[in-house]
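Take a look at the structure below.
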Amino acid sequence: MIQDYLILSIILFCLGILGVITRRNVFTVFMSIELMLNAANLAFIAFSRLHESMDGHVLAMMIMAVAAAEAALALAVVILLHKHKGKLDTNVFSLLRG
Amino acid sequence: MFEYALSVMIFLPILAGLALVLFPLRGQVARTVGLIVSIVILFMGIEMFIGFTGTSGMEYVQNTPWIESLGINYALGVDGISLLVLMAAAILYPLVFFVFDTRTKGFYGNLLIAQGAMIGAICATDMVLFYVFWEIMLLPIFFMIGLYGGANRLAATLKITIYTIAGSLLMLAALVYVGVSYHQQFGKWTFDIVQLSALDLGGGYAVLAFIMFMIAFAIKTPLFPFHTWLPDAYTEAPTSATFVLSAIMAKIGVYGIIRFVVPVFEIEFARFAMLLSLAGVVGMIYCGIAAISQKDMKRLMAFSSASHMGIIALGVFCMNVQALTGTLFQIAAHATSTGVLFLFVGLLEQRMKSREIGDLGGIAYRAPIFATFFAIAMLASVGLPGTNGFIGEFLIILGALKFSPFIAVLAGTTLIIGVCYMLWMFQRVFFEKTNEKTAEFQDLTAKEMLSFLPVILLILAMGIFPQAFIKKIEPAASQQVAKLFAMSQAQVADTAVPVSDQNNHKN
Amino acid sequence: MEHTANYIGLIPLLPLVGAVVIGLMHMFTCTGKAFSEKLYGALACVGPVLSFFLALVVFFHLRDLPVDQRHLTHNVFTWFAVGDLKVDMAFLVDPLSGLYLLFVTFIGSLIHIYSIGYMAGDENFGKFFCYLNLFLGSMLILVLGSGPVVMFVGWEGVGLCSYLLISFFATDTENVLAGNKAFIVNRIGDLGFVLGMSVLFWAIGSGGFDYLSLKANTHLLTPGVGIAVCLLLFIGACGKSAQIPLYVWLPDAMAGPTPVSALIHAATMVTAGVYMVARFSFMYAHFTTAGTIVAWVGILTALLSAIYGMFQSDIKKILAYSTVSQLGYMFAGVGVAAYSAGIFHVFTHAFFKALLFLGAGSVIYALHHQQDVWQMGGLKNKMPRTYMTMLIGALALAGFPPFSGFFSKDEILFMALANGHTGIWLIGVLVAAMTAYYTFRLIFLVFHGTPRNQEAYDHAHEAPAVMTVPLIVLAAGAALAGVLNLPALFGGNMVVSTWLEPSLTEHHPHMSHGVEILAMLASVVAVVIGITIAYKKFGQGAEEPEFTGFAKLGYHKFYVDEIYNAVFVQPFKGIGSVISRFLEPNVTDSFVKFATWIYRKAGTSFKALQVGYVRVYALYMVIGLSLMSLFLSQSIN
């Protein structure tokens, strides 16, 4: 029972990673990160149910709040980046190249 | 002298130097401040020398806890071993401010900071305190060469900095080892050098720590083959910085060996003495021969200085009172002669806009006073009797003979090699025909002459009346040798160590 | 009269003070308006002359003392004391140093006076007298020093002055090179001296490091150490007194002004080595092996430089080689334990060689710095006083009886024979013949025959009185000094030898007068043969020959200078440039270069990973996290 939830969570997480690594559009990357966060949330809720404890719920709530805050901040950054370069392609932003 | 005299001698220059660096002052004001501070230190130094009683113990002691949990103290003191090194650092400084005035306030500030740090390193009797000052010493040198040096200054700065920092890190590691060992053996923390000398170290780690210490000091001295930073740094540094480096800072390397390595690592020291003394003489010969073929006068002096440092260091490794006293005396003697020679080269460069030996010639006819002063300093540097260079060199060679005749013969060749490069240089710069460039050479001005005269007289006075100096340093030297001898004899009686006979160390 | 000893310190001090005063005066005025030569001359002579009179006072005081108490010491101050080593700046006058003191100050004063004439008009007049005074002071320290270390002070001091005076005309590179050569070769000897002193100190020096204590402790030396000390010290003597293999500097040293050649490179400084061996006679007499080596080196040097002397064309070079040769005799003397004979030869040689050099200087002065004997000739009519005095000097040098050289040289040869060194005696007689030959070759070429350079001859003139008076005084000495040590054979009683006896450790072998007469006859015959050959070849005038075969080798001094240059000097310079051009940048510096290379290499390797794309960094993170999880899961199981 719990395995199904966890497998789903892992699949979601891996999809998120794949998205972060392979996609070049900033928004897609951003959505992939959200996907990973939600995969973690799912796992928390599943474990919470398994252990009959509310701790998992608390953490899930917490993550949602952080994700919201993060979204606000990240979107602001994305807007600034777009203003600067006029593009949303992550390959353009490679100032840290060695 | 009052109780905090040493602290004043350390922090007055450092604070004055920082003030010069931070406050917006004009170069001339900065120079005047520097001059006043250095003259104050000069007089304090002289008074300290006169008041020094010359027993074998520490004088002018000051001891305040600093980091109590680790037993680190702010501990200062002067004894026969540090006395003449301290004098070199305290007395020669006003010359720099008197003679050259083309530099900015930052330069003067750094000079002062360097002086304070050097005096601190010389007087510190706590290893950690010493380490702190030792590191501070490097900073002003970094800025002085890096900001105000010659064309190749960046490479030279990088080289000296990386080299010395590497050495310092090794020293730090070894220092921690020594502290921990003491804690293990005696159950408390201390870095006081007198207490640390009670340590009974042995085994592979002790050898490793000894080697790390030695590398740190060998780099600063510099001992062959760690000398390669020296020609570049000395040549690229502005004259005053070269003066500080050659006349005083290099000596602190040798001093560090005597003060911190020998009392703690007696056995290792005795075991490696032969190898180390070989490094000393090989370096002396190697750098001496290298000096012969130099075309740049300053570079020639740099190699000459490295060559002399080899023989000065040799005196430490011979482990008898004559050689050690010779080294302590030669430290001061060499500071005067080489320091003055570097300043003279600086003057020459200032006037001729060139240091190439090939561009010069016949200066002796244009500038007899300059030539005479230069000649006296040069003769001191080649160890002619009547100048202070002879006493030290003679004592070191004499002591080396007791240690090992082979080393003594090699060390003796300094008599020959020294005159080879010096005379040939003197010939090409001061003798032979005047060319159109040197025909305009201006002899020393009255101000320059008066500022060099005391040092020239000091060179002669130290050569003619050395006993006034030796009697203050000899008790400490013989005590150290006796202690080293007793320790190494007791502990490595069975290994074949070339130490000298008992009857020679009655003290 | 106890206070007489306190004057001793003044004897070297006076010329030194003179040197400082003159030096300062010259230093401050030489680029502007200089002081007059008269003032310099007067100042320069004050020190030496006063020292001479003080030396006389001390000497006569010494003579009045009983024989076994003839030593005066004056301890001025403790120079330095470290552990057992205690060196006093102390002076010792005993018969040996007393005799030396007298003739050094006497000849020194005469040469100062002569120089006033010779150097007249030179723009560095003051500098010259500063150096000359400094030299005299150093020489007196050398002679008076009560122990080897103080002697070494003077030893190096005279070396320095020798360097300064050889390169006196320093605009000429040749002269400076000659000066450098002298200083460096002397320094090689000094290395031996320093090492010898050090060995001696560690062996017996803890009981006091002055001659008297050392003499008392000599018996404690083991033969190995003793011989080592003797030979090391002798290396020092070889350097200073120009013996094989370190003689090469002395002929070149003739680049200096002629009075310098007379004072330093003939009469006083170069005999310091002989003085040192005599000073240490207690050791050389004890370790006869060392003495024999000294004697053989000496006599071979005498032979070699006599060969050179026969073929030279520069008047000063001829005299220089004759000096080397005579020094060889002296070492042969002190080597065969005839110390007083050796010292007596130093004494007579000082007179006649100074005389010959000053005479040569007078000739050179008259011919406007012409030194080639093949450009001279027939000068005896133009310069009668110089000719007569030089003739006396030549007879003394050749060892013709009854001139002084005859007695001193013969004493050495006789003692060699008497002490069983027949080989040394034979070579000595041969060298005597050669000496006579080249000395008279010089006299005949310069003064006899017809002028070879008419123009120079026409301008030649006799030197002024300030130069000829010292010549005459010295000629008197050269002619008569032999009387001082007249052997018993001629009814004398060896005044000098007897006088020196308390200072020296020697014993006089007994040999019949018959042998002595025969030996003497042999050397007189040798001298006559030498002079006759010289007369046959050069007496009537001769032209400069083309040297071939052996003569060519001799003229080029067997190419020893060239060999030294090729074997020592050039390789030394070569090593120097190898070090500074190759070893220094490529080998010893390679540590640092290697360290920086490693860091740089590592940096450029890792640089490739920093692509700058966020997603690639995310990938690294994922890989890292996966590996860590894998590792953790492994370790938990």
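Cβ atoms are placed via backbone N, Cα and C, with glycine included.
Taken from TrEMBL, the feature transmembrane segment covers B:32-52, B:107-122, B:128-148, B:160-182, B:202-219, B:240-258, B:270-293, B:300-322, B:328-348, B:369-391, B:403-424, B:450-470 (among others). Per TrEMBL, the feature domain 'NADH:quinone oxidoreductase/Mrp antiporter transmembrane' maps to B:124-415.
Only pairs six or more apart in sequence are counted, and the transmembrane segment (B:328-348) with the transmembrane segment (B:128-148) gives fewer than three Cβ pairs under 8 Å, not enough to call it a contact. Residues 6, 9-21, 27, 30-31, 33-34, 37-38, 41, 76, 82, 85-86, 89-90, 93, 96-97, 129-130, 132-134, 136-137, 139-141, 143-144, 147-148, 238, 240-241, 244, 248-249, 252, 255-256 of the same chain lie 6 or more positions beyond the ends of the transmembrane segment (B:107-122) yet place their CB under 8 Å from a CB of it. Only pairs six or more apart in sequence are counted, and the transmembrane segment (B:270-293) with the transmembrane segment (B:240-258) gives fewer than three Cβ pairs under 8 Å, not enough to call it a contact.
When Cβ distances are compared across the two stretches, the transmembrane segment (B:403-424) makes no contact with the transmembrane segment (B:450-470), since fewer than 3 pairs at least 6 residues apart fall below 8 angstroms. Below 8 angstroms of C-beta separation, residues 70, 127-128, 131, 134-135, 138, 141-142, 145, 188-191, 195-196, 199, 201, 205-206, 208-210, 212-213, 215-220, 226, 229, 232-233, 264 of the same chain, each at least six residues beyond the ends of the transmembrane segment (B:160-182), sit close to that stretch.
Beyond the transmembrane segment (B:202-219), the same-chain residues lying 6 or more positions past its ends with a Cβ under 8 Å from any Cβ of the stretch are 163-164, 166-168, 170-171, 173-174, 177-178, 181, 226, 229, 253-254, 256-257, 260-261, 265, 267-269, 272, 276, 279, 491.
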